[in-house]
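Noted in TrEMBL for the protein shown:
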TRANSMEM  20-40  transmembrane segment
TRANSMEM  52-69  transmembrane segment
TRANSMEM  89-107  transmembrane segment
TRANSMEM  114-135  transmembrane segment
TRANSMEM  141-159  transmembrane segment
TRANSMEM  180-198  transmembrane segment
MOD_RES   Lys224  N6-(retinylidene)lysine
Amino acid sequence: MNNLLLAIGDVSKIATDDYVGFTFFVGCMAMMAASAFFFLSMNSFDRKWRTSILVSGLITFIAAVHYWYMRDYWAANAESPTFFRYVDWVLTVPLMCVEFYLILKVAGAKKSLMWRLIFLSVVMLVTGYLGEAVYRDQAQIWGLISGIAYFVIVYDIWLGQAKKLAVQAGGAVLKAHKTLCWFVLVGWAIYPIGYMAGTPGWYDGIFGGLAMDVIYNIGDAINKIGFGLVVYAAAVASSSTSEA
Ligand SMILES: *C/C=C(C)/C=C/C=C(C)/C=C/C1=C(C)CCCC1(C)C
């Protein structure tokens, strides 16, 4: 009990110009609220959409827990919580790949597509971690390898097998797929900017002055909550046109 009171009384101050601390705090609340929204709305959809909404909720929930720790870590150490960041990503980004698969399942998507996307996303994140945390002197090379994996993902969903399946499915599925493709092309491109802001390389003069964590936090809010809302909208659209 004493420890609890101590913990409650022990809230660190956030300076008015601490944008990183602020975005960690707001990000944490937003991820929690989004999780509640996805979990509570899940049962109002028919079965084939329920798992997709559940996965949207899991993505924001996993992020909410990590943001809780990252917010604390930043408040205590004024240092980037790189480890928690990448653990969060390595769990949530593969789940986004699962989301692509679930949406395209109605059009006959195979598990191999899902595993291919998951594999590519893990390569993208592990090489990014190596450059950001382990071999910082070679951050540009690791960033480049990570970027190649990213481009293969973009290719696969925009022009490869996933695209063909989406066209076959048509309707709400095609529409959702297209929007999610834009998230990956534009929304995910926020992260390499954060990486270049936070690591040394040829790009120092361009992105050097920006706060890496603010960029990552904005990226996460757009991509995790926005991505989930696209799936939610697809579920609403398909339930009101066909079944309801
Ligand atoms: C919820 C978290 C998401 C959607 C995170 C996505 C992260 C990326 C797309 C990261 C990409 C990177 C590169 C393309 C190159 C530099 C290293 C990374 C890992 C920041």
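Along the chain as shown, the residues are counted starting at 1.
Glycine is no exception: its Cβ is also placed from the backbone N, Cα and C atoms.
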The transmembrane segment (114-135) in contact with the transmembrane segment (20-40), cutoff 8 A, at least 3 CB pairs, sep 6+: no
Tertiary neighbours of the residue listed as 'N6-(retinylidene)lysine' (same chain, Cβ under 8 Å, six or more apart): Met31, Ala34, Ile59, Thr60, Ala63, Thr92
